[in-house]
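See below for the structure under consideration.
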Amino acid sequence: MCEVMPTINEGDRLGPPHGADADANFEQLMVNMLDEREKLLESLRESQETLAATQSRLQDAIHERDQLQRHLNSALPQEFATLTRELSMCREQLLEREEEISELKAERNNTRLLLEHLECLVSRHERSLRMTVVKRQAQSPSGVSSEVEVLKALKSLFEHHKALDEKVRERLRAALERVTTLEEQLAGAHQQVSALQQGAGVRDGAAEEEGTVELGPKRLWKEDTGRVEELQELLEKQNFELSQARERLVTLTTTVTELEEDLGTARRDLIKSEELSSKHQRDLREALAQKEDMEERITTLEKRYLAAQREATSIHDLNDKLENELANKESLHRQCEEKARHLQELLEVAEQKLQQTMRKAETLPEVEAELAQRIAALTKAEERHGNIEEHLRQLEGQLEEKNQELARTAVQVRQREKMNEDHNKRLSDTVDRLLSESNERLQLHLKERMAALEEKNTLIQELESSQRQIEEQHHHKGRLSEEIEKLRQEVDQLKGRGGPFVDGVHSRSHMGSAADVRFSLGTTTHAPPGVHRRYSALREESAKLALPLTVTLRSPTWMRMSQGVCCNLEYHSSGTLCGSSGPLPVPEMIQEEKESTELRAEEIETRVTSGSMEALNLKQLRKRGSIPTSLTALSLASASPPLSGRSTPKLTSRSAAQDLDRMGVMTLPSDLRKHRRKLLSPVSREENREDKATIKCETSPPSSPRTLRLEKLGHPALSQEEGKSALEDQGSNPSSSNSSQDSLHKGAKRKGIKSSIGRLFGKKEKGRLIQLSRDGATGHVLLTDSEFSMQEPMVPAKLGTQAEKDRRLKKKHQLLEDARRKGMPFAQWDGPTVVSWLELWVGMPAWYVAACRANVKSGAIMSALSDTEIQREIGISNALHRLKLRLAIQEMVSLTSPSAPPTSRTSSGNVWVTHEEMETLETSTKTDSEEGSWAQTLAYGDMNHEWIGNEWLPSLGLPQYRSYFMECLVDARMLDHLTKKDLRVHLKMVDSFHRTSLQYGIMCLKRLNYDRKELEKRREESQHEIKDVLVWTNDQVVHWVQSIGLRDYAGNLHESGVHGALLALDENFDHNTLALILQIPTQNTQARQVMEREFNNLLALGTDRKLDDGDDKVFRRAPSWRKRFRPREHHGRGGMLSASAETLPAGFRVSTLGTLQPPPAPPKKIMPEAHSHYLYGHMLSAFRD
């Protein structure tokens, strides 16, 4: 701003006339200056006001800038370096994902091309392949090739990939649509950002325009102008900084948008990857659903097969019930026959009395005619009984034919079930077709079974009709008994009228004293010769019947009746009896005779009614589990369990009706065979060693005439005194017979004991059998109804068939003995020898033996069979049964190898010797029989599956697995080859502690070299004292827990798997584990302290585990006593074992330790334990699946 000074006008050169004008001009100048100053002051005031406004606006702009800065700082992250690093990482991941996507697309294109090519090929060659498959199936219907599976799998693969392609296309289309929508949204967002930026530029221009200050053309003071200039510079700086901040804000917003775009792409990639993972998961779920569907189909098919099998078993049970009912009908018929015979005898007695009275009083021809009519009626009744008996035999024949047809259908069902199982394993994709075929077959079988059931119903109706006929016979016999009563009354009347003819009759002895009865023939000379002969024949017949009646009819009422009959015969046959009582008066004699006749009539009536009621109510008695009084006659025919108690199955408690009504089959155990070999003759011993022969075991009916005939056949020379002694023995020991009967009924639920009395009665040593029947300790033998029915009409034919069986069994043993003596390798054995070996040594079931007999012709074929061939040809579907057969084959191949000397095992079970040494042993110590065969020299011959199931498993405390072990026929030979899968799947041993317990039990057997006698001996020695805990059973551990004062907790050890070998060998088993098993509470510190103290004492006294010196007090295994000794020199036997070990297979281990001696000094060289090597410890990995 510049100051404008007023212009000074130069005056006139004239001077004075112009002075007044100059003063006026100065005043005017001063007025103008004052006006100008006022204007300047007003302009200054306005400028100051504008400056204040601009300053206020500047403050507002600064405040707005600060707000924007704070907003920017809050919106943007603090660390730009980490943000950029994460951005670079996201970009790298994005590139990797893009590369993976490109690779997957390439692979997908390649697979699409390959699938299209395969589809073209399959569609081109499908018809020819189907024709070849059809031809191949027509040629070999048993096996089906896998081309059908390949075709169906390829078709399913094509369809699956087409479905996947369609899904991928749909997802790609949806992703593209989403990308277009997102791009449109992004374009809209960009437009909004540009519009906002333009709006910000307009606001900046307005601010800049408003910030300029126009200065008037007036001059200002220097201070004011300087301040204004400084304010303008400051405003320019602030505007510049504001523009810079806005530029930075724009750059930051661009970076933020870029980052948001990168984040969106990363999110899209993540979504795509999640979609891929979800797609894979859905595919996996679909595959699992398909798998579950297939498993459900397989389970439904198995359920249908099981239902068919249950139907077959129900039909078998129905068949057994029908047979049982038929046996009951036979027993009822026999009782009827017996009672008819007794009635006939009583009638003959009455006829004898009548003849005597006729001799004394010849004036009674009418009575004789009436008696003749009664005799004719009785003969007609006997003829009717004969017709009924023939009808029953015909019904029995028809029932046996139906049983054979049922057996054949059962065999067909088993074969078809096995075929179905094979097809299920091979063709899992064709289950529907197999299901329809199996349904058709099952419907056919159902129709056949329904027809068989209808036939059986007709048989039942016929049996019911025969039962009605028998009841009619009973009524007829009742009428006959009433007629006999009438006859007796008439006889009494005749006696009353014929008093003078009975003067010579003396008083008779008491009715029950049969020992004082004597026969006097003094008065028989007066009778006619025919009458005398008839009387003598009748007396001989009654004398013959007296003994069997005494032996068979055990009840006191039958005894009294038989004695009464004998006394009555004596009384009426003789005119005088031994006695000195003198003649009685005639009325008293007549009264006494009348009373005795009435008593005998009452006894006959009670016998008839009680016999019929017992026969009719036999089923009810059996359902109640009670044994009628007439069943006491079963003492000779009852079967107690064997002395060892190992063959009787241990069953849970069931109802008496189930124990009596259910019947099954059971194989003869080796202990029972040994017991019979000791007791019976050599011929019967050879016969009783027949292995796995099964027979239906039924409850024996009451004694019948067949029993009488068998007893006559068994001991014809038995005197009356011996019969009385047998009767006294039976009466004195009823508890033993009842207990044996009860044990028989309990054991007969599933398995029956093979009856052999039919064979025993046909042998020469009958006196020995009679001794057996008397001796209660040796047990009794059960007579089945089938053998009764076979022995009664055709005893010679039965003996002939039994001799044939004996001859066949002896021939089988002879074949095995010849093969052993000749030292023939197993590959050179012929078919009969192999079948005999399977039947007598291995103990395979009869079904497998029959299949081997049909398919295996030599030992070479048997040893060359693979696992699949064993399953397919022989039909052994159980894997453990196949393992049993493979181990037996491997054992025989090794033992009969031509390079090694043939070996056998002595009765001790520990030493393997050659045949020459065995013969020397046999010559030095003769056995009780000439059985040099393999029955007693077998490896593990005394540790068969019955010993494992009945003795060994309960001794380990694992009796709950007995049925599974028995079903899989697990013997000691198989124990070391059981895998975890076998234990879990086949033997249902899921508990790991139970498997551990079983493993330590097997280790105990290894340490004893699988010697059963040694095991039993050591258990017996350690039964009453704390030593040799290794062989303790579960019961001994329970007894020990009870003895230390923990009786309340001892019951928890049952079925727990705790035994001595587990305590002695398991390092991890301590007192805390035992307390946990005993379920001793942790609060009961006293009981736990007692357990700890006694457990440590038990380990110190009875095991090799010792306590460490440390604080933890953990028991450790001390070196075994076997490690402390050197093996002694084996001389010849050690050389033999080493030579035989060279010829055995690679996996076959031989124990080279013989009997060990204690060393002279402790510091000896430590040798390995003997239990790590034993003869049958080899693993047959080649045979395993």
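Glycine is no exception: its Cβ is also placed from the backbone N, Cα and C atoms.
Taken from Swiss-Prot, the feature coiled coil covers 24-123 (among others).
For 165-499 (among others), the entry in Swiss-Prot reads coiled coil. A mean pLDDT of 82 is what the model gives for the coiled coil (165-499).
Feature annotation from Swiss-Prot assigns region 'Disordered' to 638-709 (among others).
Residues annotated as phosphoserine in Swiss-Prot, with similarity to another entry given as evidence: S640 (among others).
Look at Swiss-Prot and you will find 645-656 tagged as compositional bias 'Polar residues'.
Residues annotated as phosphoserine in Swiss-Prot, with similarity to another entry given as evidence: S681 (among others).
Summarising the annotation, Swiss-Prot assigns compositional bias 'Basic and acidic residues' to 684-695.
Under the heading region 'Disordered', Swiss-Prot lists 721-757 (among others).
Annotation source Swiss-Prot lists compositional bias 'Low complexity' at 729-742.
Within the domain 'SAM 1' (829-895), the DSSP-based counts of helix, strand and coil residues read 53 helix, 2 strand, 12 coil. Per Swiss-Prot, the feature domain 'SAM 1' maps to 829-895.
Taken from Swiss-Prot, the feature domain 'SAM 2' covers 944-1008, and the record attributes it to sequence analysis.
Annotated domain 'SAM 3' per Swiss-Prot: 1032-1101, in sequence order, evidence recorded as sequence analysis.
With DSSP classes pooled into helix, strand and coil, the tally for the domain 'SAM 3' (1032-1101) is 48 helix, 0 strand, 22 coil. Each residue in the domain 'SAM 2' (944-1008) gets a DSSP state, and the totals come to 48 helix, 0 strand, 17 coil.
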